[in-house]
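Asks: Have a look at this one.
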Amino acid sequence: MKRCYSTFKKPLNSNHLRLFSLESCKSMNQIKQIHAHLITTGLILHPITANKLLKLLIASSFGSLSYAHQLFDQIPKPDVFIYNTMIKAHAVIPTSSHNSMRIFLSMVRVSGLLPNRYTFVFVFKACGNGLGVLEGGQIRVHAIKIGLESNLFVTNAMIRMYANWGLVDEARRVFDWSLDQDLYSWNIMIGGYVGSGEIGRAKEMFDEMSERDVVSWSTIIAGYVQVGCFMEALDLFHEMQQTGPLPNEFTLASALAACANLVALDQGRWIHVYIDKSEIKMNELLLASLLDMYAKCGEIDFAAKVFHNEYGLKLKVWPWNAMIGGYAMHGKSKEAINLFEQMKVEKVSPNKVTFVALLNACSHGKLVEEGRGYFKSMASSYGIEPQIEHYGCMVDLLGRSGFLKEAEETVFNMPMAPDAIIWGALLGACRIHKDIERGQRIGKIIKELDSDHIGCHVLLANLYSASGQWDEAKAVRQKIEVSGRKKTPGCSSIELNGVFHQFLVGDRSHPQTKQLYLFLDEMTTKLKNAGYVPEFGEVLLDIDDEEDKETALSKHSEKLAIAFGLINTPPGTAIRIVKNLRVCADCHEATKFISKVYKREIIVRDRIRYHHFKDGFCSCKDYW
């Protein structure tokens, strides 16, 4: 039951407004004092004053939603604006969105008030944030009854609600039905398709638009990055520069992500210059994207320079995560740990992403004790419960370091069910350390968990071959062939003058194929003279002749990409390669010799980490 104040109302004049200026409140105590004074003077009965106090309680950093509710319950006759304020306050909190519906029902059933367009905008937001399809349908019916479904604001809110649920087709039906589709509606629909992974349909809508703003362009570019179509994302970014609006920080962050994944250093550098010349505001996410780009393009030292120059953003966690992750990828484990310790001095609170990067750094550096300590500190010191990705890092760290028993115990003691990726990491460690018995046991577990997981069978075959058990390895390979499933082919790419050249294993589709294979023959001879011996451990097992095995190894995708780089760049130029899988043992050994024989720095980014080859050595110290 609501508490009733005196029905006596005093006129609200300018003196009262100046006297009770709520904007001057700096603490909850001041709000309570003014609230008490408003009660004693009767001014709390004026809707404008009550709503102003409610908004302050909800929006200020020192406010209280529960106190706002107490105030709301004590207002005898709240108007539509007061109801809207309370509905909106709960709509933005997923765990409290049900309260928005409760207040809405009280508004229409108890108070008998007629909702306006803003009421529906806020309630649809609550439905999209936490309530279900049933509630959303009920609100939509009510909007139809009072004739507001076709209102532009209400329509856009409905489209956003369905898009948030992943019901993009229903959102599209609302969009097509609307008689007044504005730019915002189009952007919501494109964002909905992007969010559900339907990038093709998002692009179709984008192409249909007669008008596109920076949000339209940013959304579709981010969508291509999200689904891994990085070249298409950059193509759109270049088109935007020619025909579209000026990019903002969100557009540039997506473009940098595309550059990072393609190792397109020159284009990434251009974007950095553009940011500086155009005076784009450098926020924490844009800086993190810039650092990630430089790190993934092999320029980790320059990334560190940029990081230390942007002191104003050093109190935000994402740039720190980007740098720690960058150091981890490059095998600079000590630098990653030192940066984390500096982060603690700066009192920047880490998050779960920070610990994924930190544990990866420990794994790449074989820092077992440090990894154990940081893993334990997550919950004890920072209140962060380890997720499956953190357990995966620990299994990889322990397993690759030779602590196979502890790694297996870690998997069995996880509070969540391990997936095939976790077991695969342990199986990979068994291959490294030639633990066949454990590997067979884990292989059976993966097969039961995911019988179509071809990576498991390939790892098991490699485990047998690494241990010299060729018959067992061949039997596993034959099972793979009988199943008809294919291993993901190795693919390596290299950028030259803004153009990306991709090579598959044994690729003969490139215009320079003849020249490439002649160069490979010459290169193999030079490497052998320098002491290179091919590693046949993981070569195809149905090849019996040693010479044929050697020929198969020479056709690996990264060797083709490196040969292309050597042919088409001046002496002394660094070569940057991206591979979709881990570098095999033979290619790793061969690339060390190539860097020495041809006096080139070769930077290879594989699926897991970076390898900097120079003067016959690799930055990973042969631990990968």
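Any Cβ shown, glycine's included, is placed from N, Cα and C.
The repeat 'PPR' annotation in TrEMBL covers 182-212, 213-247, 316-350. The annotation domain 'DYW' is assigned in TrEMBL to 531-624.
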Asks: With helix taken as DSSP H, G or I, strand as E or B and everything else coil, how many residues of the repeat 'PPR' (182-212) land in each class?
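Replies: Going through the repeat 'PPR' (182-212) residue by residue, I get 23 helix, 0 strand, 8 coil.
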Asks: Within the repeat 'PPR' (316-350), count helix residues (DSSP H, G, I), strand residues (E, B) and coil residues, in that order.
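Replies: Across the repeat 'PPR' (316-350), DSSP assigns the residues as follows: 26 helix, 0 strand, 9 coil.
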Asks: Would you mind giving the whole-number mean pLDDT across the repeat 'PPR' (316-350)?
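Replies: Mean per-residue confidence for the repeat 'PPR' (316-350): 93 out of 100.
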